[in-house]
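A short write-up of the structure that comes next.
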């Protein structure tokens with residue numbers, strides 16, 4: 001076996017399959033692009049679903065990749081097992097209807113055992129096969145030459161995730177030797193494929209032969225596929241003779257960096273601290289890559305996953321004695337390890353560090369909140385003479401605050417309490433079940449369709465230079481079938497050439513007409529999409545007979561196209577302006593280019609200020625008024641990148657690409673349609689800016705006529721305001737409004753002073769009405785004040801004058817009730833709490849509340865219940 005680094009293994013794999021005619025597909029973003037079914041890219045095949053389900057036909061049916069992936073099921077096992085990770089790399093080779101079992105098996109064996117490649121000892125390799133897959137077994141035995149005792153039948157060797165491609169698979173295992181056997185020799189699991197550490201699975205070859213239909217039947221696929229996956233971390237652990245994946249060069253530099261933080265704890269000192277080192281190393285890899293790909297910590301979706309990973313890593317840092325923000329210091333270490341194939345982490349190092357550090361510092365504040373909650377719960381348990389912390393509370397601390405169960409156990413043990421492990425496990429299992437349900441929905445692929453996939457005719461787009469074009473009608477599809485003619489209803493058409501732009505890249509499809517040679521409109525074009533083999537598929541409403549093989553005139557709606565051109569070029573200017581104002585991290589996360597408006601989604605950590613929006617808008621308009629020529633060129637992808645063209649991360653580009661140059665200001669890869677000069681846009685106006693998800697914000701804007709109409713509407717509204725504030729000239733509106741605001745403030749201040757005097761008068765009356773129950777002096781009264789703030793002011797007066805032991809006040813405004821309860825420290829010392837009192841009386845007014853032992857408040861919706869609430873005070877005190 002050769003001595004290789006992880007970088008060498010990755011590159012060797014890609015080089016091997018490139019030599020077998022495969023195209024190397026770059027690793028896609030961890031954040032799925034145009035796939036709402038996935039939370040994360042979780043396998044090498046996840047980015048290729050469109051090829052496997054037949055919705056798109058690849059340029060080369062042979063594909064290989066090294067794909068970064070994230071799986072977050074069983075996060076709590078990370079660090080405790082030898083090979084469980086949140087982020088990992090999957091090496092894969094794929095065939096879309098090209099080669100099948102024979103080549104897949106032979107090439108796998110060649111890569112593993114060939115002297116030019118990994119050079120594994122063949123005697124250490126075992127394979128498992130599906131019992132009914134006699135062909136795979138025959139190839140392994142008769143062609144590869146494996147002995148029968150190295151081929152094991154396993155019933156589970158059938159890959160099936162619901163509707164979509166499915167089929168048998170064969171798995172390859174490496175025998176690490178008897179020293180790795182972690183179960184008794186006679187254990188039934190002691191075999192390749194069993195639950196043991198001796199036989200390590202390194203490669204899974206899936207033979208997709210069937211469509212698993214929604215009706216739960218299995219039908220032969222029109223095109224059989226190969227989908228393989230080899231875990232890089234596992235293979236490297238074998239090559240580098242590492243006991244677990246964590247002792248490889250993918251993780252050890254991170255672990256050493258944690259050791260260097262000066263806590264005097266070293267990796268290998270103890271199993272417990274080793275777990276913490278592993279968790280930190282694993283989680284910072286996932287965080288660095290995910291944030292670099294545009295995901296940001298939040299309380300929902302993938303942002304919640306990142307927040308949970310970061311908090312778990314911070315808590316394990318505390319176990320190593322690290323009590324300050326430290327994870328951000330590890331980001332450059334991750335970047336250096338992966339830079340040979342994933343330069344993006346180092347390229348975005350500053351931004352990733354900023355996000356991680358900010359989140360760490362916030363969590364240190366949250367930890368204190370969690371400890372406060374835990375201490376409160378412990379006190380309640382002790383007050384109730386209990387001895388066990390409820391499992392739901394433990395889970396809430398774990399899930400919300402990132403508290404490891406062990407930490408809760410330690411605190412509870414110090415307080416002489418036990419923990420409800422069974423209750424905690426019940427909550428954990430419920431969460432796992434929710435995750436499993438989500439994954440079962442996420443991972444299924446569409447059922448493969450043969451109709452469009454088998455249409456091979458070429459269809460050329462001529463719409464960059466023409467809006468009207470005569471072309472032969474090649475294909476008519478109606479009712480999911482190929483037909484020779486159509487005379488009514490809806491149909492899908494493919495022409496030899498077309499000026500109609502198909503919906504893609506955020507730009508909506510053109511609309512227009514199909515005319516016959518007599519100039520009569522025979523169909524309205526209502527939508528255009530790309531077919532699997534790249535043809536332009538026109539969805540039409542048929543008005544008169546259409547026949548295959550005839551020549552028709554295709555006419556794009558010129559007015560609509562012109563409006564789209566302006567908005568598309570404006571999005572390019574806006575994209576560059578965003579980066580100029582907010583920073584290079586502000587990447588496009590989605591867009592819509594329609595005739596009436598444009599929408600641009602972008603990644604950004606934090607709010608966008610009104611000043612920043614104004615600067616962006618000004619920059620775009622300046623570029624419009626500079627009358628910059630917009631030049632498009634067609635070139636190869638490498639040349640385009642060398643030109644500095646901005647590629648949208650996660651998008652797939654072919655060998656030939658279009659580069660849109662707006663002078664030297666903006667250079668982007670784009671297949672859309674654009675104006676010839678920025679001055680054609682006219683004017684640009686931002687309509688709104690908002691957050692739409694974790695770390696993703698949206699700008700909506702208009703150009704040209706729509707921008708002018710918006711400005712007209714804003715001017716009309718301004719004139720209305722001028723009339724309302726009695727300002728004869730628009731330029732005086734601001735001054736007049738400021739004067740009115742000052743008058744309003746003066747009146748509010750005067751009103752508050754009057755209200756205060758009235759409250760003082762009421763206080764004089766109510767403070768005289770002191771009642772007594774069982775030696776407790778109390779005041780309970782309804783007062784006429786406007787809000788809770790004035791109730792608190794009355795309570796402050798009561799406290800200063802020490803007029804009674806207990807005070808309860810109520811007020812009602814606009815059908816809303818406010819209640820306040822206050823108690824002296826003497827009452828608190830006797831076990832009475834204002835919070836308990838308020839909880840007892842609040843239901844009478846249809847509400848609830850709480851607070852401190854000395855003061856509490858509540859709200860309600862039933863003013864009619866105030867009298868009952870105040871009467872309940874005496875009952876509560878009598879029984880307290």
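Any Cβ shown, glycine's included, is placed from N, Cα and C.
Note that the structure is a prediction, hence the values are computed from the model and not measured.
Database features, via Swiss-Prot:
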- 568, 572, 670, 674: Zn(2+) binding site (BINDING)
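Feature map: Swiss-Prot annotations on the structure.
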residue: 568; record: Zn(2+) binding site; Cβ within 10 Å: 24
residue: 572; record: Zn(2+) binding site; Cβ within 10 Å: 26
residue: 670; record: Zn(2+) binding site; Cβ within 10 Å: 24
residue: 674; record: Zn(2+) binding site; Cβ within 10 Å: 26
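The secondary structure of residue 568 (Zn(2+) binding site), as reduced to three states from DSSP, is helical.
Within 8 Å of the Cβ centroid of the Zn(2+) site, not counting the listed residues 568, 572, 670, 674, the chain contributes 569, 571, 630, 660, 668, 672, 673.
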